[in-house]
Amino acid sequence: MAELKPLIAKVANGESLNREDARTAFDILMSGEATPSQIGGFLMALRVRGETVDEIVGAVSSMRARMLPVSAPANAIDIVGTGGDGIGTYNISTLASIITAGTGLPVAKHGNRALSSKSGTADALSALGVRLDIGPDLIARCIAEAGLGFMFAQMHHSAMRHVGPSRVELGTRTIFNLLGPLSNPAGAKRQLLGVFSPRWLVPLAEVLRDLGSESIWVVHGDGMDEVTTTGVTHVAALEDGKIRTFDLTPKDFGVEPALMNDLKGGDGIANAAALREVLSGKRNAYRDISLCNAAAALVIAGKAETLSQAMTIASDALDSGKAAAALDRLVAVSNEANSGQE
């Protein structure tokens with residue numbers, strides 16, 4: 001096994017790692033060969049100097065090589081955020097994923113429990129009755145039958161256990177906050193990816209381009225890792241191998257601007273109840289912002305040509321009950337787990 005010490009020294013001296021060296025470093029971290037001090041020192045040296053595109057590509061390559069894969073259709077999309085925006089909103093990408101599934105576009109959603117908020121995707125889905133601890137075959141069935149499957153990060157990235165304690169002890173953001181959303185176990189090549197800071201918009205679009213993604217929007221909206229209805233959403237879009245940047249406002253989606261307080265959520269149980277209310281017909285700011293994110297996903301996937309058309313398709317999936325049916329089917333199929341599928 002290669003040595004981590006010279007790579008730590010290199011980063012500590014302000015130098016950047018090439019992709020090969022970054023891959024080597026993260027192979028060492030993920031194999032359990034590094035000490036807690038080495039892990040903490042390396043992660044903080046990267047953080048203080050600033051992670052580069054090549055370093056993230058190398059790290060993601062290491063993550064992907066070790067993940068437990070899931071089979072999904074080629075046109076599947078992932079709607080995911082880095083988390084870490086510290087705002088504590090409702091589970092927007094979760095509801096957007098359910099709506100998107102209701103339109104007939106398959107969603108291979110990757111996520112985790114809350115880290116900095118009260119409710120991550122896993123918390124809300126668990127409260128809705130979705131079983132999380134299921135194997136790849138059953139997740140693939142969920143995607144095929146419900147149009148939506150959830151891949152619980154800790155089930156698919158077991159090598160992360162080697163760095164978990166150090167991350168907790170550091171108590172601050174590291175490169176790993178970026179790696180999860182870039183390491184979808186279903187290999188989804190289409191993504192709506194929300195980031196906690198606008199500085200990561202173009203770099204992460206470049207990372208995903210270099211890793212073979214096809215159609216991606218990396219978004220940041222008014223402090224949130226989502227398309228927002230409270231102000232301007234900044235977008236870096238990967239289309240046909242090229243990256244372009246643009247801004248969106250609520251007007252582009254045909255919705256009224258919202259106040260941030262109208263989007264503040266609670267814990268998993270409270271957020272699950274709010275999500276069910278929208279599926280049952282409640283019209284509020286949570287509905288609007290989730291529709292906007294679903295609409296963005298439809299445009300990314302080529303299921304709609306314009307945001308206006310996409311909003312119509314997404315609204316129909318919600319109002320017709322197709323989105324609610326997708327969730328109900330996800331709950332049913334995920335709970336069919338037996339000892340052979342654990």
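Here the Cβ of each residue, glycine as well, is placed from N, Cα and C on the backbone.
What Swiss-Prot says about this protein:
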- GLY81, ASN112: anthranilate 1 binding site (BINDING)
- GLY81, 84-85, THR89, 91-94, 109-117, THR121: 5-phospho-alpha-D-ribose 1-diphosphate binding site (BINDING)
- SER93, GLU226: Mg(2+) 1 binding site (BINDING)
- ARG167: anthranilate 2 binding site (BINDING)
- ASP225, GLU226: Mg(2+) 2 binding site (BINDING)
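Every protein chain considered, the tally of other Cβ atoms within 10 Å of the Cβ of HIS110 (5-phospho-alpha-D-ribose 1-diphosphate binding site) stands at 26. Within 10 Å of its Cβ, the residue among the binding-site residues THR89, SER93, ASN112 with the fewest other Cβ atoms is ASN112. Taking the binding-site residues ASP225, GLU226 in turn, the residue surrounded by the fewest other Cβ atoms inside 10 Å of its Cβ turns out to be ASP225. Spatially, by CA atoms, the binding-site residues GLY81, ARG167, ASP225, GLU226 include one closest to ARG113 (5-phospho-alpha-D-ribose 1-diphosphate binding site), and that is GLY81.
Here the C-alpha separation of HIS110 (5-phospho-alpha-D-ribose 1-diphosphate binding site) and ASP225 (Mg(2+) 2 binding site) works out to 15 Å. Annotation note: GLY81 (anthranilate 1 binding site) sits in a strand segment as assigned by DSSP. When Cα-Cα distances from ASP225 (Mg(2+) 2 binding site) are compared across the binding-site residues GLY81, THR89, SER93, ASN112, ARG167, the shortest belongs to GLY81.
Rounded to a whole number, the distance between the Cα atoms of GLY81 (anthranilate 1 binding site) and GLU226 (Mg(2+) 1 binding site) is 7 Å.
In the three-state DSSP assignment, the secondary structure recorded for THR89 (5-phospho-alpha-D-ribose 1-diphosphate binding site) is strand. Remark: GLY81 (anthranilate 1 binding site) has SER93, PRO181, LEU193, GLY194, VAL195, PHE196, ASP225, GLU226 as non-local neighbours, by Cβ distance under 8 Å and separation of at least 6 in sequence.
Here the C-alpha separation of ASN112 (anthranilate 1 binding site) and THR89 (5-phospho-alpha-D-ribose 1-diphosphate binding site) works out to 16 Å. ARG167 (anthranilate 2 binding site) falls within a helix when secondary structure is assigned with DSSP. Around the residue listed as 'anthranilate 2 binding site', taking its Cβ as the centre, 18 other Cβ atoms fall within 10 Å, counting all chains.
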